[in-house]
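Worksheet: one structure, shown below.
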Amino acid sequence: MKQLESFEIPRTVVFGPGAILKIPDIVSGLRVGKVLIISGKSATQQYAKTVASLLSGYSAEILKYDEVELEKSGFDLIIGVGGGRPLDMAKVYSYVHKRPLIVVPTSASHDGIASPYISYILAEKVKRYGKVVASPIAIVADTSIILSAPRRLLRAGVGDLLGKVVAVRDWQLAHRLKGEEYSEYAALLSLSSYRIVVANAGKIGNFVREEDVRALVKALIGCGVAMGIAGSSRPCSGSEHLFAHAIERRLEGAEGEAIHGELVALGAIVMAYLHGINWRRIKKAAGAVGLPTTLKQAGIDLDLAIEALTTAHTLRPDRYTILGDGLSASAARKALEDTELI
């Protein structure tokens, strides 16, 4: 008999044009007085100010994500406004102080908009607080705002979704070989998000219509729910993410660094090849939306890519993937050659 299971998923999801205007309705159902709004450094600050003005009846303070003092308390509600970094910092603060969290994504570049988990890079920096898990009580995705985000960020969101087929296959492999707990329902949710973008890559790639962004946001939210059900990032993060993390760790802070979703898409192509999955289909979908489909296009050096492929398995030793105990340099190079990434 299986043990008792529990999971947390967002109780409210509002998306569409003008969704940001619904924030007061969501907050009115909570017993809060002081609100911390965490934003990015650029255009997202203006959206954070909009949220603050909508909550004029509350005491709201706006901080950029790199200004947040995790030891400072006194807030009743945390609202993250922006892309990956402000939303991740909002999750960390919510987790540390056990306060409810609302996320307001201003772009859709990865599945962190609905996930209870944070990026690998940030998780390493804040691991003294434990494993950060903070499921938002509400997601407010205003598609009119997201539609105005840089196209590169939106394409990166597609790239993140292209990796889900590999993540699920890695999970299944770990289940069979290592006895890891597996949720078919969570896996199917993740795969559904992958299938949505592959089937519609040619139509949504330019992101000129609200419905294009809506399809992307729905798929990303579906992945966040899948992770909540699984109780881990397993259904959405496998060897393709380990490859991306290995490169991100080396290039952190570098000028012109590749975006997370772009690296995930490249990783998905290589890992699909190793799994025997139809990697050409993934590469075709990536090309259809304008994602880099070669290392050169992504600005990644061959030596760095080989290093990432041969060391990625060490980043999370507890997460078994197709990489096993690691690829040899020659096997890594052959995979890159066979998939025409070089």
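Start at 1 and count along the chain as shown; that gives each residue its number.
Cβ coordinates are placed from backbone N, Cα and C, and glycine is handled just like the others.
Copied over from Swiss-Prot:
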BINDING   GLY84, ARG85, PRO86, LEU87, ASP88, THR106, SER107, ALA108, SER109, SER115  NAD(+) binding site
BINDING   ASP111, ASP160, HIS245  substrate binding site
BINDING   ASP160, HIS241, HIS260  Zn(2+) binding site
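Locations of recorded Swiss-Prot features on the structure.
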{"residue": "GLY84", "record": "NAD(+) binding site", "DSSP (3 states)": "helix"}
{"residue": "SER107", "record": "NAD(+) binding site", "DSSP (3 states)": "coil"}
{"residue": "ASP160", "record": "substrate binding site", "DSSP (3 states)": "helix"}
{"residue": "HIS241", "record": "Zn(2+) binding site", "DSSP (3 states)": "helix"}
{"residue": "HIS260", "record": "Zn(2+) binding site", "DSSP (3 states)": "helix"}
Environment of ASP160, HIS241, HIS260, the listed Zn(2+) site - residues of the same chain whose CB lies within 8 A of the CB centroid: HIS110, ASP111, GLY159, GLY163, SER237, GLU240, ALA244, GLY261, LEU263, VAL264
Look at each of the binding-site residues, SER107, SER109, and point out the one with the fewest other Cβ atoms around it within 10 Å. SER107
Should any of the binding-site residues GLY84, PRO86, ASP88, HIS241, HIS260 have a Cα within 10 Å of the Cα of ASP111 (substrate binding site), which are they? GLY84
Protein Cβ atoms within 10 Å of PRO86 (NAD(+) binding site), excluding its own: 29
To the nearest whole angstrom, state the Cα distance for the pair ASP160 (substrate binding site) and HIS260 (Zn(2+) binding site). 8
When the Cα-Cα distance from HIS245 (substrate binding site) is computed for each of the binding-site residues ASP88, SER107, HIS260, which gives the smallest value? HIS260
Spatial neighbours, same chain, of GLY84 (NAD(+) binding site) - Cβ under 8 Å, 6+ residues apart: SER109, HIS110, GLY112, SER119, HIS260
Within 10 Å of each Cβ, count the other Cβ atoms and name the one among the binding-site residues HIS241, HIS260 with the highest count. HIS241
Rank aside, I only need the closest one: which of the binding-site residues PRO86, ASP88, SER107 has its C-alpha nearest to that of HIS241 (Zn(2+) binding site)? ASP88
Close in space but at least six residues away in sequence, with Cβ under 8 Å from that of ASP88 (NAD(+) binding site), the same-chain residues are TYR65, GLY80, GLY112, ILE118, SER119, LEU122
Taking the centroid of the Cβ atoms of ASP111, ASP160, HIS245 (substrate site), which other same-chain residues have Cβ within 8 Å of it? HIS110, GLY112, SER119, GLY163, CYS236, SER237, HIS241, ALA244, HIS260, GLY261, VAL264
